[in-house]
Amino acid sequence: MVRTALLSGLTASALFQTALAGLYGESNLNHTCAIVKNELSCSAKAVPGLVDSCCAETFGGLVLATQFWSTWTGLESEGQLLPKNSWTLHGLWPDFCNGSYTQYCDLSRQYDPLPSPKTTTGTPDGTPVPPYTGPGIGTFLETFGKFDLLAWMNKYWIAQAQPNQDFWGHEFSKHATCFSTFDTECYGPTYKQHEEVVDFFTTAITFFQRLPTFAWLAADGIKPSNTTSYTLSSIQASLSARHGGLPFVGCTGPRYNTTAAGKGSLDNGFTQFSEVWYYYHVAGRPQRAEGVPVDAGSYRTNCAKAEGAVWYYQRARGSETCVR
């Protein structure tokens, strides 16, 4: 009301229309989330109109904190190495509450040099995603003086077969733009360009640091090995007990029934342990990194289920940082 009075010549209706500029209807005025109740995403109250979409995730309320286990980077000669005794950060994804998802929701914030998929829907009838040709997204952090953040990301947020910052640009553009809470309007009238990029990266890191996959598995005797294989159920049990929800466990490599050990089996799951997705309903903004762990949906694994069918391989020689 006070703001309307100060802006002579603008009716309340015109002001409202001007303010509602966000992708999800958020205003570009103030959003002081500390005074808003932290509604749990995917709950009956976490919907636009009942809560500020900048203060509660109303669009992608099923939040996935995802991690990789890679054995090489492809850019070792350039110093792009994997951290010892740690998985690496993949991203932070906003799925819909029913488990479906969207991607590349704001092409004005498209910083991915090699968009994948190439359209917003992943199908030919989707809007083409233009490849980004500007300065790497890492330079956005430098503008804010976040050199410590940049150094951390170059240690733990590692790409495979591409420069790290190209991968970071992909993760932001494909996923971060689909959160209601990272929309630029949520940062209010004093928003600085790329502020939400820094915010998204630090949020993804906070989730990652609370999910020490390597240590959790090692505590149960599940360690990288080129001579000992594991059973999917033991990996799931180890991670579920500590996270509080059953994560998605992902594998790559050959299918079990194409290997010598699985010859004649009907189990066509993959055999090389490579990824974990932890699921949450978040309390208030994802930036708080608080919420309730939940089980993965019907798609819980693509790994082989046979006894001893999963390999958790050691890193390739020269692909891992030295212990200091």
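Just so you know, glycine gets a Cβ as well, placed from its N, Cα and C.
Noted in TrEMBL for the protein shown:
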ACT_SITE  His90  active site
ACT_SITE  Glu171  active site
ACT_SITE  His175  active site
SIGNAL    1-21  signal peptide
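In sequence order, His90, Gly91, Leu92, Ala204 constitute the residues six or more apart from Glu171 (active site) in its chain with CB-CB distances below 8 Å. Counting only same-chain residues six or more apart in sequence, the Cβ atoms lying under 8 angstroms from the Cβ of His175 (active site) belong to Gly91, Leu92, Trp93, Pro94, Gln103.
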